[in-house]
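In TrEMBL this protein carries:
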type	residues	note
ACT_SITE	CYS272	active site, nucleophile
BINDING	8-13, ASP33, ARG38, 86-90, 127-128, GLU161, 272-275, ARG342	NAD(+) binding site
DOMAIN	328-453	domain 'UDP-glucose/GDP-mannose dehydrogenase C-terminal'
Amino acid sequence: MVKICCIGAGYVGGPTMAVIALKCPSIEVVVVDIWEPRIAAWNSDQLPIYEPGLYDVVKECRGRNLFFSKDVEKHVAEADIVFVSVNTPTKTQGLGAGKAADLTYWESAARTIADVSKSDKIVVEKSTVPVKTAEAIEKILTHNSKGIKFQILSNPEFLAEGTAIEDLFQPDRVLIGGRETPEGQKAIQALKSVYAHWVPEDRILTTNLWSAELSKLAANAFLAQRISSVNAMSALCEATGADVAEVSYAVGKDSRIGPKFLNASVGFGGFCFPKDILNLVYICECNGLPEVAEYWKQVIKINDYQKSRFVNRVVSSMFNTVSQKKIAILGFAFKKDTGDTRETPAIDVCQGLLGDKALLSIYDPQVQKEHIQRDLIMKKFDWDHPLHLQPKSASSAVEQVTVTSDAYEATKEAHGVCILTEWDEFKTLDYKKIYDNMQKPAFVFDGRNVVNADKLREIGFIVYSIGKPLDAWLKDMPAIA
Ligand code: NAD
Ligand code: UGA
């Protein structure tokens, strides 16, 4: 029986290994982590992450050929293939702070592998890493190897949160990069045979190590660039009276462009797009390519512009002040169907409104109160270090913020409602009831274009929808970006 161990039981390690265990009953898969409460949660009925379909997969294999353990050393030592799926956040201090990837967690995982291994192993980079990380990891492993042979492969993950299980069941592609030596090619084949249990062969791509590492950063940069492109258009649509949904539809009908990932929004968030693009910018700068770095930096700049443009629109519409006004925030996660809030645009929008002294009442179906309070007082990028995240005591909570357990309570007596996550339930709320319980004039600022603006206007709301023709009210109160 082949044994797989995965270091890192997070959003990638957990679901990816659960699907490998489900599809490959002959392989024993153990997911290990140094964060004990996370492992305990994986072994319980309350999994540590919310992902549609995940619980069913875990329930089917846990205890059969899928295990979660805090005993990192034992399971790494026993494994034939070791996946490393630890966090690779943006550095917050030192050289490259604010841009470069922090490889502390990766290096510590590599040193553990070197220390405890007693047999040859294939080590698989699952985390998203800068190009040439495999070379550094190889050096750590070979300099500490005591004669044991390691083959390094790059196998970046392309799943998206909220659709992780679907993405893993039917991936567009699985990418495996390895050394062009006979041993490297043999390792590629070994990993390929794992995925071949359920992924058609023509979807398993093999490349050299550096192409695989760079393809992951490139794919995220291209995807984020599409969103920044449509968001830049959304500002122009508002200025000209065009409708961004109609423009996106017309543009996406071109088969060379395609319809996906063209939804205008309050900005992209998530653990990966912001950090991976910053990392790409840093790599370009380090390789003496300032023009290329500048090009990708614009994707982030437009994203920041989109968030501040939204805040400005809220404040300017409400007579240029939200001081002491209750504003309801519907949705805090960075997208629907996840409880993940890392780099969510809601943090920047809420902080912007709090800066103008608003009183926020926040509701998200999957994000807990302590979590929201913690995110609002944390420094940028600190939330990418999950082990250091402790819920803050009530005394350190932001006084102007309350968190509610439903949308009606959040909106009661509010002056305005900001929709920041596209949760399905926000489409079907009783907006008449909400309107009746709000202060007047009552505003809705739809950062995800989920509500039917015309229907809301009939009820009496003043509505702002990203990239859509503006109400007369909003035209009279232009936002200064
Ligand atoms: P995560 O923060 O949810 O999980 C990482 C886990 O690694 C944590 O639980 C942490 O305790 C553990 N860890 C860190 N150092 C360790 C060590 N030395 N030994 C054992 N455990 C250790 O991160 P994630 O969202 O799963 O992302 C992991 C990697 O995958 C990142 O590089 C990310 O860019 C990439 N990625 C993420 C996604 C996504 O949707 N989240 C998708 C594709 C790729
Ligand atoms: C993204 C990629 O889609 C995955 O392929 C990749 O593996 C992953 O990053 C990663 O490397 O971590 P994820 O961040 O989970 O996945 O979610 P996306 O669906 O890509 O959404 C990212 C952000 O863009 C969200 O805030 C979402 O609301 C926003 N978005 C997405 C838009 O604003 N408009 C769109 O049309 C699509």
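Numbers here mean position along the shown chain, with the first residue as 1.
Glycine residues also receive a Cβ, built from the backbone N, Cα and C atoms like all the rest.
Just so you know, TrEMBL annotations are computer predictions that nobody has curated.
Taking the features listed in TrEMBL, we show where each one sits on the structure.
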residue: GLY8; record: NAD(+) binding site; contacts (Cβ under 8 Å, 6+ apart): VAL31, ASP33, PHE83, VAL84, SER85, VAL86, ASN87, TYR105, ALA109, LYS126, SER127
residue: TYR11; record: NAD(+) binding site; contacts (Cβ under 8 Å, 6+ apart): ILE49, GLU51, GLU161, ALA164, PHE271, ASP340
residue: CYS272; record: active site, nucleophile; contacts (Cβ under 8 Å, 6+ apart): THR128, ASN220
residue: PRO274; record: NAD(+) binding site; contacts (Cβ under 8 Å, 6+ apart): THR90, PHE268, ILE300, ASN303, GLU343
* Determine the Cβ neighbour count for THR90 (NAD(+) binding site): the number of other Cβ atoms within 10 Å of its Cβ. => 21
* Asked: Using DSSP, how many residues in the domain 'UDP-glucose/GDP-mannose dehydrogenase C-terminal' (328-453) fall into helix, strand and coil?
  -> 44 helix, 19 strand, 63 coil
* Asked: When the Cβ positions of the recorded positions GLY8, TYR11, ASP33, GLU161, CYS272, PRO274 are compared with the atoms of ligand 2, which fall under 6 Å?
  -> GLU161, CYS272
* Asked: DSSP on PRO274 (NAD(+) binding site), three-state: which is it?
  -> helix
* Translate the DSSP assignment of GLY8 (NAD(+) binding site) into the three-state scheme. => coil
* **Rounded mean pLDDT for the residues that make up the domain 'UDP-glucose/GDP-mannose dehydrogenase C-terminal' (328-453)** => 91
* Asked: Cβ under 6 Å from ligand 1: which of the recorded positions GLY8, ASN87, THR90, GLU161, CYS272 qualify?
  -> GLY8, ASN87, GLU161, CYS272
